[in-house]
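Enquirer: One structure, as structure tokens, below. Some questions next.
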Ligand code: NDP
């Protein structure tokens, strides 16, 4: 008998926590997983948390589907990539027109669009949903970015809205647009997350190696910053990470962790799509590159042996400079991220609501922060797409860009890598100057390729008379 409000397939970390969250909010969730052992583990956990009355474990896929009330909403939370396509094929024979598959993993938005287009003629709805907040978020309230079939969204809206994080009584779940819109926004969210994390790490490097601060001292600074304009989840957890002590050695744990960062792809996708659309997202690109360099530990050690240790004389930047530099860098990075979203919206006809996106990022997700509230207000007022020209952010940038400049300059002379903050500064300087240097580039392009250039008042496809360099 169909008694479940919703179904969920994939009971690894994210799926099992989402299912428990759904059950806790009073909805009945049928659950299924390829390996039976995970269903057993989930059932035991649901029992331990007193939620077993709202969960229906099903070992057989057909039986699982029949347990969900029609029109069915079935979440799949399996490994991204081929497993999602496989799962769709397995589900299809059991579904009826009007049912919907809600894919909540970290899928590439073009895959989501493809699956949406594939299922539409079959009258099966497809929702590609970005879920941010990790394990904790999935269990207690993530930020949920929904894209895909709008009609079927309404069938699942009550459940998804209820399980999302809340900010001032508003749910951090919203329908953003058709096709791959939800996964696109999640991808850019992750790109921004890369930028935030890298900038924080760069500032930590100056504290540690330039100001000679201990991990504990750094932790105190991040805790203090979390009370001010930088208030955010990532600043908060940075304080905790720097504070942690290794049980075995009594040393700060952070000093024992190898300086090699991993990545799973969403940062790279953000950088690629930004480049493809011609929108500069230098902070995201810098952050992705920094992770790649970090992973080449052996090469770095060998290069250090050639060049010698970096000459890190004590720097004269202050903690206040670092705080303001981080704020300025973050604003540039978010300005870039939202500009990428705005362009994708235009190119794909998604009509992505920028104010709503900023709103649903205010709680639950990894980049939640105080200034997203200001960003959503700015977009609600219909302000310009680039936050760097929105009055509230102009005021912050005017107050903070000198500090960013001072920190980047100190990094250059003190031999600190600052790939992300310096990229943010260069973008800011490029964006705010009326007269750039691309006139020279156009001259060069015309010299070797007759690409033409424009002169105000004289036309746009002009050519120079250049000397021949052939044979020289
Ligand atoms: P994993 O990405 O580790 O995937 C494991 C799950 O996928 C298991 O349920 C597994 O089933 C199932 N699976 C793998 N291959 C297949 C297949 N061919 N057919 C059917 N089922 C299959 O799980 P996570 O919970 O970590 O993540 C789920 C999704 O959420 C991923 O897309 C991930 O990128 C995304 N995500 C993860 C976050 C995190 O913090 N972990 C945060 C936000 C999103 P079985 O038990 O049988 O092996």
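Just so you know, glycine gets a Cβ as well, placed from its N, Cα and C.
The model shown is predicted, which means the values in this text are computed figures rather than measured ones.
Sharing the features that TrEMBL gives for it:
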{"type": "BINDING", "residues": "10, 11, 12, 13, 14, 15, 33, 34, 35, 78, 79, 80, 106", "note": "NADP(+) binding site"}
{"type": "BINDING", "residues": "106, 132, 133, 134, 189, 190, 194, 264, 291, 445, 451", "note": "substrate binding site"}
{"type": "DOMAIN", "residues": "182-467", "note": "domain '6-phosphogluconate dehydrogenase C-terminal'"}
{"type": "ACT_SITE", "residues": "186", "note": "active site, proton acceptor"}
{"type": "ACT_SITE", "residues": "193", "note": "active site, proton donor"}
Enquirer: Near ligand 1, meaning Cβ under 6 Å from any of its atoms: which of the recorded positions 133, 186, 189, 193, 194, 451 fit that description?
Expert: none
Enquirer: Can you tell which of 79, 186, 189, 291, 451 has the most other C-beta atoms within 10 Å, given these are the recorded positions?
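Expert: Counting Cβ neighbours within 10 Å, the top one is 186.
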Enquirer: Other than its own, how many Cβ atoms are within 10 Å of the Cβ belonging to residue 33 (NADP(+) binding site)?
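Expert: Result for residue 33 (NADP(+) binding site): 24 neighbouring Cβ atoms inside 10 Å.
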Enquirer: Are any of 133, 186, 189 (the recorded positions) within 10 Å of residue 106 (NADP(+) binding site) when you go C-alpha to C-alpha, and if so which?
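Expert: So the list is 186.
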Enquirer: Please give the NADP(+) site's span as the largest CA-CA distance among 10, 11, 12, 13, 14, 15, 33, 34, 35, 78, 79, 80, 106, to the nearest whole angstrom.
Expert: 21
Enquirer: Taking the Cβ of residue 106 (NADP(+) binding site) as the centre, count every other Cβ atom within 10 Å, in any protein chain shown.
Expert: 19
Enquirer: Of the recorded positions 133, 189, 193, 194, 291, which one sits closest to residue 12 (NADP(+) binding site) when you measure Cα to Cα?
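Expert: If we rank 133, 189, 193, 194, 291 by Cα distance to residue 12 (NADP(+) binding site), first place goes to 133.
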Enquirer: Counting other Cβ atoms within 10 Å of each residue's Cβ, which of the binding-site residues 12, 14 comes out lowest?
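Expert: Relative to the other binding-site residues in 12, 14, 12 has the fewest Cβ atoms within 10 Å.
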Enquirer: Measure from the Cβ of residue 194 (substrate binding site) and count the other Cβ atoms within 10 Å, all protein chains considered.
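Expert: There are 27 of them.
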Enquirer: At a 10 Å cut-off from the C-beta of residue 193 (active site, proton donor), count the other C-beta atoms across all protein chains.
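Expert: Within a 10 Å radius of the Cβ of residue 193 (active site, proton donor) lie 23 other Cβ atoms.
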Enquirer: Cα distance, residue 189 (substrate binding site) to residue 14 (NADP(+) binding site), nearest Å?
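Expert: Computed Cα spacing between residue 14 (NADP(+) binding site) and residue 189 (substrate binding site) is 18 Å.
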